[in-house]
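**Student:** One structure, pasted below without further comment.
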Amino acid sequence: MPMDESNQIDALRESIFSQGHQSVSVTRYRHHEISTGLDEVVEEYPVALIYNGISHAVMMVTPVNLDLFAIGFSLSEGIIQHVRQIYDLDIEKSPLGYQIHITIASEAFAQLKAHRRSLIGQTGCGLCGIESLQQVDASLTKITISAPTKWLSLIPAAMISLQKRQPISAVTGGAHAAAWVCEGDVLMVFEDAGRHNALDKLIGYLVKHKIPLNQGFVVMTSRASYELVKKCIQLDISLLATISAPSTLAIETAKRSGLTLASFCRNERFSVYT
């Protein structure tokens, strides 16, 4: 039986093993001068997602907020349809990386087994569970409520605020960030070496705290890829704003699903593609 929804996520065992960066030795060359010292570098480790004892994916992730990452990944990739379908979650560290053991409802696991394939992700899952090109369109849904036009005016200030709330990137310059904006305020920011992982961590947080996903939007310090658009659509998030360029497939997918996509969001300007 599933656990009571009010205690669903609080009962999941959270395990955070690092600050997301570490010091490494470096030799610096500056104007023909050589010096040695230490540099802060963003961490990235293999993280195996194991559902009901069966390994589904190995992702490269910054090992901070791994519980939120697992929840967000499970939802954004359609492995579960609701957090109630997660019964338990346990994180283990091994010499090779991390293992996240997730116990999910039998109906969700049956569907996962029907579409499961082994994969190794570089910075995001991509087309997890998609076995043919014909299934790409079929896996998408429509946004139920369009983003209010007034939200667009909130993007510049949100991007400025986001730039100031990236502790890992501030010391390493090597992390992407995903943030949730509601009524003009940046409520929460998550970082990761992979942009898709940062978004999954944010999604996990939003679901954990039962934040209505139709009352805000996502801003990210990355380009707009198909995978990011797909994850937002899966959660019925109606507006995605990114600091860098979109891809053609991201634009086409956003148009088909009714997602508002804004890119090149910097210096108090942006371009809206859908």
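For all residues, glycine too, the Cβ spot is worked out from N, Cα and C.
Automatic prediction, not curation, is the source of TrEMBL annotations.
Not measured: the values here are computed from a predicted model.
Feature table excerpt (TrEMBL):
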type     : residues                           : note
ACT_SITE : C125                               : active site, cysteine persulfide intermediate
BINDING  : F264, C265, R266, N267, E268, R269 : Mo-bis(molybdopterin guanine dinucleotide) binding site
**Student:** Under 8 Å Cβ to Cβ from E268 (Mo-bis(molybdopterin guanine dinucleotide) binding site), same chain, six or more residues apart: give me those in sequence order, or none if nothing qualifies.
**Tutor:** P156
**Student:** Would you mind ranking the binding-site residues R266, R269 by how many other Cβ atoms sit within 10 Å of each Cβ and giving me the lowest?
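**Tutor:** Each of the binding-site residues R266, R269 was scored by Cβ atoms within 10 Å; lowest is R269.
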**Student:** Using all protein chains in view, find how many other C-beta atoms are within 10 Å of the C-beta of N267 (Mo-bis(molybdopterin guanine dinucleotide) binding site).
**Tutor:** 9
**Student:** Please list, in sequence order, the residues in the chain of F264 (Mo-bis(molybdopterin guanine dinucleotide) binding site) that are at least six apart in sequence and whose C-beta is under 8 Å away from its C-beta.
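**Tutor:** In sequence order, I243, S244, A245, F270, S271 meet the Cβ cut-off.
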**Student:** So, in DSSP terms, is N267 (Mo-bis(molybdopterin guanine dinucleotide) binding site) helix, strand, or coil?
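**Tutor:** Going by the DSSP assignment, N267 (Mo-bis(molybdopterin guanine dinucleotide) binding site) belongs to neither helix nor strand, so it counts as coil.
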**Student:** Report the residues of the chain - excluding F264, C265, R266, N267, E268, R269 - with C-beta within 8 Å of the mean position of the site's C-beta atoms, for the recorded Mo-bis(molybdopterin guanine dinucleotide) site, in sequence order.
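**Tutor:** Going along the sequence, the neighbours come out as P156, M159, I243, F270.
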**Student:** Using a Cβ-Cβ cut-off under 8 angstroms and a sequence gap of six or more, which residues of the chain neighbour C265 (Mo-bis(molybdopterin guanine dinucleotide) binding site)?
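**Tutor:** Set apart from C265 (Mo-bis(molybdopterin guanine dinucleotide) binding site) by at least 6 residues yet with Cβ under 8 Å, we have I155, P156, M159, V219, A241, T242, I243.
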